[in-house]
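S.K.: My questions all concern the structure below.
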Amino acid sequence: MNKTLLYITVIVIATCGLIYELVVGALASYLLGDSVTQFSTVIGGYLFAMGIGSYLSRYIERGVAQRFVEVELAVALLGGICAPVLFLTFTLTDLFQVALYGSVIAIGALVGMEIPLLLRILKDQVKFKDLISQVLSLDYVGALAASVAFPLLLVPKLGLVRTSLLFGVLNAAVALWSTWLLAPLLGNPLRLRVKAVGLTVLLLAGFVMGDRLTTFYEDQLYADDVVHASSSPYQRIILTRGKRGFSLFLNGNLQFASLDEYRYHESLVHPAMVRAGKVENVLILGGGDGLAAREVLRYPEVRSVTLVDLDPMITGLATNYGELAKLNRHAMTDPRMRVVNGDAMQFLTEGGAQYDVVVVDFPDPNNFALGKLYTTGFYKLLKKRIAPDGVAVVQSTSPLFARRSFWCVEKTLRAAGFWTEPYHALVPSFGEWGYVLIAHEPPARHRPLPEGLLFLDDATMASLTQFPPDMGPLPVEVNRLNNQVLVHYYEAEWQRWN
Amino acid sequence: MELTRRELVAAFLGSAVAASACRKSGPRERVPGAVVDQAVELGHRLRGGPLPRADVVEPVEVLVVGAGVAGLSAAWRLASAGVRGVRVLELEAEPGGTSRSGRNAISAYPWGAHYLPAPLEDRGPVVRLLREMGAVTDVDDTGRPRFEESLLIHEPEERFFYRGHWYEGLYLHAGASVEDLEELRRFEARMNGFASARDAKGRRAFAVPSGLSSDDAEWTALDALSMAAWMEREGFRSARLKWVVDYACRDDFGTTAEHVSAWAGIWYFTARQDGNGERSEGYLSWPEGNGRLVRQLVSALPNGAVEGNVLVHTVEPVEGGCRVDALEAGSGKPRAFLARQVVLACPRFIAAHVVAPWRRERPAWLSGFTYGPWVVANLTLSSPPRSRGFPLAWDNVFYESRSLGYVVATHQTLRQDEQGPTVLTWYLPMDGADVKAEREKALSASYADWEALVMADMRPAHPGISGQAQRLEVQRWGHAMVRPTPGFMWGQAKQAAGESLGSSLHFAHSDLGGMGLFEEANWFGVRAAERVLAELGRREVSWL
């Protein structure tokens, strides 16, 4: 038996064992936040599970070599797929923590069996004192290699998903070469070889495809630490913190980044506020993060703000989650605020008071349910709720990335009988962003901009209505309930940029 | 003979559904519910021996028998002309006929007819009715009516399920060959040609209602052959196209292209468009389907004008009007009326039993009328059905089933949140040629059978739907609608059956138009009412 090869095996399995532990630990702190707790519980759980594995190894009486290869195969499979599976579980279900600790225990227990089994295989060929010293020292060398490579090389170059798959492949390779190394001890190595080859191919395929998964989940979405994650009946809510500050994602779509959200929200709110006849009663549709409300509440004349958002979990976060409440300057608990967790379309249908200013801040029209909120049908309901000298504003996606969509919103508003003034602002996190100011009649300027704005002054505000040629109007259809052309425009246009 | 579940599904919905639904047929919870139709037995009393007659006779100015769309339209026309003393008698407890609707805590839903194609032109009684209910907003530059946006079917309008996946629209584009697409284009061009065709008098070749169509032989000759035969003759052989045509025939006429007149089949594709390739406004619908139109018609009548649970069994023309004999459905108490004018707004197969002279001598036209049975089921779900592919639409069709699939009652509700409970209305036209056998088949199936059938139809497209299903109600319509069989649309029978009997007995029903559609029922109702007005000596401008 070639001892050098055996010792290489020890280094590889030791490295793999530690890598899985690091992958799961990083993933947990990454998706759940609070990395001290996550790392402690994952590492503690993993070590404990290794103990269980070591203990259980005593019950393997016969065919130790055979079992060793099987354990390697199982570790390769579970360890290899742990990162992609955990990512998917996080995105698609609420069972992330169950899956997380399940993987920790399963992988840990299997890894815990490896060294005891290997020692038993080698005990007849090497003197016990040499055996124990060599195997354990190589085990620690492997651990060092893993812990250095992981942060410096693997995560930056490969990302978590591909790291876990790559080490799954290495583990499967160990299983494969073990079938030769231990051939004299194995009854029928052929079956094991077939399994090992199959698994290697499978994990390699995953590794190649993992590139896409990695890009999707890690680079694009949550480049930062996740500090809050929850699911409401309507959407998946993620808050992250990192280089762009503090960001909110709904179903994976960025809603704001604290670094530049002031540009978005100042542009959304103030052009309407300064042109409305009065600003006593304001309605915000959507905007459950409270950031538009923060801008509205800068005006001392505002007497009441009604915010209608479908999702109580979002308005709850905006009210109670410290950093978000700080960012919206505690707008949600302002005595002038009234929060309605309800259906915006139903709210308008029910009729009632008219508002001086209405801020319409819905997510982009990327499905038919949201597309409804951009139809003449919706805007006619809206029109009835705007006071005669009132003004409203509609967030209208990007006139650069989705030019047709933007002008479709504008034309639809005109078809609903509004006077319109389209404008746009640069929000680095989003790109060029568009809005349409609407009113029954062209409104005059009624009041100055409030103090303390970071982006808007009078000169800047005046410049926002200028559209360069690549964002200018295009011939488009009116978006109606019975055609929903906007959803089709939007889908086609954003596809080009993704 | 006891059928196995699989045989039952195959017999009603076809072998494709049986194969995919019964693949994994483990034990599952039955959806609670019931068969809700009741009047079948009562109606059958007409066929028994002589029924008791009342001694006291109630005098009535105008009596309308039947509170379906035809009868209510007649009463609506009379009320609008200011005729007092109009009474409407109905066998069922509720008015509406096959446009009846139901309601539960979640939504109103239809029990039969559920949409109205938006009229192309700004004239006729249907537009008048829509205007009365505020559904017409204005008229466009070309004089066409425009409709309230919220009533037009919201997108997504239709989709179909084919082998594991939902697709948009009703044409199976996936995998279509160049020849298939060429045939589709050729078919559409032919239909546009028919839609824009006018005769020497300027009449459309295919009009709504069908009675306003040109009677030139160039087009009426199409009535002699079936739609399937016409397709074959014109070289339309693409299976995908034939599916669309067959679906259209089953959807509007309740039977397959083999048993539908080519004139009627072409009418489906042409009468409601203008031939310029420009899309009409589409369809109007409400959660309760055409039950909304029924409500509008009833609202025009004085309170108490419509009396339900009354079985009219004999109408006899007498000196100065008609004597009408009836039974109260609950107590069996006989009632009698002497009406100056009568509008008998029931289908021919009932009229032939009720009109005394016809009972003595069976009218020759009767055998020309064929009525197909339908089964409609309303399924209440705790949340919208989950599906793969194109998202939930208003009309959701199962490509390989003999059912028409389902419509979503809550589709037109103005809500941002679409995750709530809903009601699906499932339609099965019993489309076989032998209507009597089809009727017996429909009536012989128990609630347990229908539950198995509806869920077997749904399951392949919506795995897990059983867990969302809260209640299922089934309505069997023995004579749901008249069939425009070959030769019927322009034959003698239809024409002859519509003539008034003497000066006091007039007839109205969609079957006189040859198609079980709202526009036909409404048109014949208004026509009968205007005959009444003429007999009463009222000078009125016709609405027709």
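Placed from the backbone N, Cα and C atoms, the Cβ positions cover glycine too.
Predicted automatically and left uncurated, TrEMBL annotations should be read as such.
So TrEMBL has the following annotated:
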TRANSMEM  A:7-32  transmembrane segment
TRANSMEM  A:38-56  transmembrane segment
TRANSMEM  A:68-92  transmembrane segment
TRANSMEM  A:98-119  transmembrane segment
TRANSMEM  A:131-153  transmembrane segment
TRANSMEM  A:165-185  transmembrane segment
TRANSMEM  A:192-210  transmembrane segment
BINDING   A:GLN235, A:ASP309, A:ASP343, A:ALA344  S-methyl-5'-thioadenosine binding site
BINDING   A:HIS265, A:ASP289  spermidine binding site
ACT_SITE  A:ASP361  active site, proton acceptor
S.K.: Are there three or more C-beta pairs under 8 angstroms joining the transmembrane segment (A:192-210) and the transmembrane segment (A:7-32), sequence spacing 6 or more?
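M.R.: Contact criterion not met.
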S.K.: Between the recorded positions A:HIS265, A:ASP289, A:ASP361, which lies closest to A:ASP343 (S-methyl-5'-thioadenosine binding site), Cα to Cα?
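M.R.: Among A:HIS265, A:ASP289, A:ASP361, A:ASP361.
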S.K.: If you measure every Cα to Cα distance among A:GLN235, A:ASP309, A:ASP343, A:ALA344, the residues said to bind S-methyl-5'-thioadenosine, what is the biggest one in Å?
M.R.: 16
S.K.: So which of A:68-92, A:98-119, A:165-185 is most in touch with the transmembrane segment (A:38-56), counting Cβ pairs under 8 Å?
M.R.: A:98-119
S.K.: On a C-alpha basis, identify the one among A:HIS265, A:ASP289, A:ASP361 that is nearest to A:ALA344 (S-methyl-5'-thioadenosine binding site); the candidates are the recorded positions.
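M.R.: For A:ALA344 (S-methyl-5'-thioadenosine binding site), the closest Cα among A:HIS265, A:ASP289, A:ASP361 is found at A:ASP361.
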S.K.: What's the CA to CA span in angstrom from A:ASP309 (S-methyl-5'-thioadenosine binding site) over to A:ASP289 (spermidine binding site)?
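M.R.: Answer for this pair: 9 Å between alpha carbons.
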S.K.: What kind of secondary structure is A:HIS265 (spermidine binding site) part of, going by DSSP in three states?
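M.R.: Going by the DSSP assignment, A:HIS265 (spermidine binding site) falls within a helical segment, counted as helix.
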S.K.: Cβ under 8 Å, sequence separation of at least 6 from the ends of the transmembrane segment (A:165-185): give me the contacting residues as numbers and ranges.
M.R.: 1-2, 5-6, 9, 12-13, 15-16, 19-20, 64-66, 68-69, 72-73, 75-77, 79-81, 83-84, 121, 154, 158, 192-193, 195-197, 199-200, 203-204, 206-207, 210
S.K.: Checking distant contacts: for the transmembrane segment (A:192-210), what same-chain residues at least six beyond its ends satisfy Cβ-Cβ under 8 A?
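M.R.: Non-local partners: 66, 69-70, 73, 76-77, 80-81, 84, 159, 161-162, 165-166, 168-169, 172-173, 175-176, 179, 186.
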S.K.: Which has the fewest other Cβ atoms within 10 Å: A:ASP289, A:ASP309, A:ASP343, A:ASP361, the recorded positions listed?
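M.R.: Comparing Cβ neighbour counts within 10 Å for the recorded positions A:ASP289, A:ASP309, A:ASP343, A:ASP361 gives A:ASP343.
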S.K.: When you scan the chain for residues with a C-beta under 8 Å from the transmembrane segment (A:68-92), skipping those not six or more beyond its ends, what do you find?
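M.R.: For the transmembrane segment (A:68-92), the far contacts come to 13, 16-17, 19-20, 23-24, 27, 31, 99-100, 103, 106-107, 110-111, 113-114, 117-118, 121, 160-161, 163-165, 167-172, 174-175, 178-179, 182, 186, 192, 195-196, 199-200, 203, 206, 210, 213, 217, 229, 236, 252.
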S.K.: Please classify the secondary structure at A:ALA344 (S-methyl-5'-thioadenosine binding site) using three-state DSSP.
M.R.: helix
S.K.: Provide, as an integer number of angstrom, the distance between the C-alpha atoms of A:HIS265 (spermidine binding site) and A:ASP361 (active site, proton acceptor).
M.R.: 10
S.K.: By the criterion CB under 8 A from chain B, which of the binding-site residues A:GLN235, A:ASP309, A:ASP343 would you report?
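M.R.: Among the binding-site residues A:GLN235, A:ASP309, A:ASP343, the ones whose Cβ sits under 8 Å from a Cβ of chain B are A:ASP343.
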S.K.: List the Cα distance (Å, whole number) between the residue listed as 'active site, proton acceptor' and A:GLN235 (S-methyl-5'-thioadenosine binding site).
M.R.: 16
S.K.: Between A:GLN235 (S-methyl-5'-thioadenosine binding site) and A:ASP289 (spermidine binding site), what is the CA-CA distance rounded to a whole number of Å?
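M.R.: Between the Cα atoms of A:GLN235 (S-methyl-5'-thioadenosine binding site) and A:ASP289 (spermidine binding site), the distance comes to 14 Å.
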